[in-house]
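All remarks here apply to the structure that follows.
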């Protein structure tokens with residue numbers, strides 16, 4: 001017998017394959033305050049019991065593999081393994097269930113969303129024993145969330161920087177999103193800002209293309225910002241998209257934006273990646289830049305109800321990685337978003353303490369222990385008739401962005417911006433006077449349009465525009 005064989009025998013090694021549930025299904029386990037908790041929607045293959053499928057998820061997303069290995073004896077699996085501690089049925093779905101998994105904190109690198117996701121939503125999603133798998137929710141314990149810087153500034157600091165209080169912020173994505181020269185792009189920015197918007201925005205796929213290189217765009221947009229500020233007396237900003245092919249190039253663009261003195265930059269955090277995003281968020285805090293986050297690619301991950309990852313998880317990840325704004329759907333516009341579920345993850349972005357509420361898709365109570373909040377951005381197919389609903393749904397701590405709803409105005413960009421600003425101010429005033437925005441919204445807009453020809457023209461253009469499709473994302 002070789003020394004190696006003796007070593008295996010000495011640690012009690014028994015080769016072979018055994019059911020995951022024998023090690024990783026622990027229904028009597030009491031979760032710890034320091035555990036990271038996950039709720040998975042599991043659709044196993046026919047013949048795979050729920051306990052085995054849930055245990056397989058816990059194993060393959062933590063310490064397990066498909067067979068027993070002799071090195072198991074060199075560590076304490078009981079200390080490091082993930083545990084499937086509860087299984088519950090999904091109402092109306094005979095083939096699905098929710099598996100709750102607890103992960104010891106030591107499994108994850110501090111301050112790294114990249115490492116967190118590499119385990120929890122890594123290879124486990126490719127298991128043949130599962131037909132589909134979706135991560136519905138995460139509980140991030142204070143012991144882990146405190147290892148993250150989080151948003152560069154947060155909601156209150158942003159309001160103080162901008163000197164804007166008591167209402168949602170107004171934005172606009174410049175259209176057409178691709179094809180404008182830098183000078184014409186800057187002109188469009190200026191017209192929108194002078195008309196009354198707080199922000200304009202690069203679209204998510206505006207980086208540095210042949211028709212408009214990033215440096216030229218940054219310079220012309222900065223000129224537009226300063227000119228609009230001088231004329232209006234208000235602080236203005238444009239989300240300069242710093243997303244690039246390399247982290248080094250991204251940082252170079254952020255540095256140039258800071259040198260221009262602009263207040264905010266932007267990043268596509270899913271296509272750009274969490275490592276790049278966290279690096280940029282740290283730079284923004286250190287250098288006084290706000291950070292706007294676009295979620296391009298999210299629907300590839302979160303749109304399917306039985307596989308992938310819900311956006312509420314991506315929203316939590318962004319709050320840890322860092323961003324001052326993030327797109328969050330509109331409920332009433334052209335993009336997917338059911339009201340209660342949307343407000344559930346909006347609360348996870350903004351609030352400090354969020355109670356478990358399954359009716360809104362919140363699987364776990366979340367205590368952020370003073371991690372700065374993120375402003376949700378409503379953007380996509382919205383116009384002046386939506387303003388009462390948006391104000392009522394999202395409240396003051398939000399950004400309402402009207403791209404086509406500004407640049408599509410028949411009189412041009414500046415009148416489009418005026419129409420949106422007048423509509424917003426009318427809705428905020430009506431709300432503050434105690435009026436019901438949900439019930440009286442159209443009347444409030446019609447009353448305001450009597451005093452604003454720009455708003456009246458916008459009301460006429462979009463009076464029949466609706467996006468009435470059933471939401472895919474339901475409980």
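Cβ atoms here come from the backbone N, Cα and C positions, even for glycine.
Features as listed in Swiss-Prot:
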- 175: active site, proton acceptor (ACT_SITE)
- 294: active site, proton acceptor (ACT_SITE)
- 123, 173, 177, 295, 327, 379: substrate binding site (BINDING)
- 201, 203, 204: Mg(2+) binding site (BINDING)
- 3: N-acetylproline (MOD_RES)
- 14: N6,N6,N6-trimethyllysine (MOD_RES)
- 201: N6-carboxylysine (MOD_RES)
- 334: site 'Transition state stabilizer' (SITE)
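Per Cα geometry, 327 is the residue among the recorded positions 173, 175, 203, 327, 379 nearest to residue 14 (N6,N6,N6-trimethyllysine). Nearest by CA distance to residue 203 (Mg(2+) binding site), out of the recorded positions 177, 294, 327, is 177.
Within 8 Å of the centroid defined by the CB atoms of 201, 203, 204, the record's Mg(2+) site, lie the Cβ atoms of 173, 174, 177, 202, 205, 206, 239, 241, 266, 294, excluding the listed residues themselves. DSSP gives residue 327 (substrate binding site) a strand state. Proximity to residue 201 (Mg(2+) binding site), defined by a C-alpha to C-alpha distance within 10 angstroms, is shown by the following binding-site residues from 173, 295, 379: 173. In this structure, residue 14 (N6,N6,N6-trimethyllysine) belongs to neither helix nor strand by DSSP; it is coil. Considering only the binding-site residues 203, 204, the Cβ with the fewest other Cβ atoms within 10 Å is that of 203. Of all residue pairs in the substrate-binding list (123, 173, 177, 295, 327, 379), the one with the greatest Cα separation is 37 Å apart. Under the three-state DSSP scheme, residue 379 (substrate binding site) falls in the strand class. Across the structure, residue 175 (active site, proton acceptor) and residue 204 (Mg(2+) binding site) are spaced 12 Å apart at their Cα atoms.
Residue 295 (substrate binding site) carries neither a helix nor a strand DSSP state and counts as coil.
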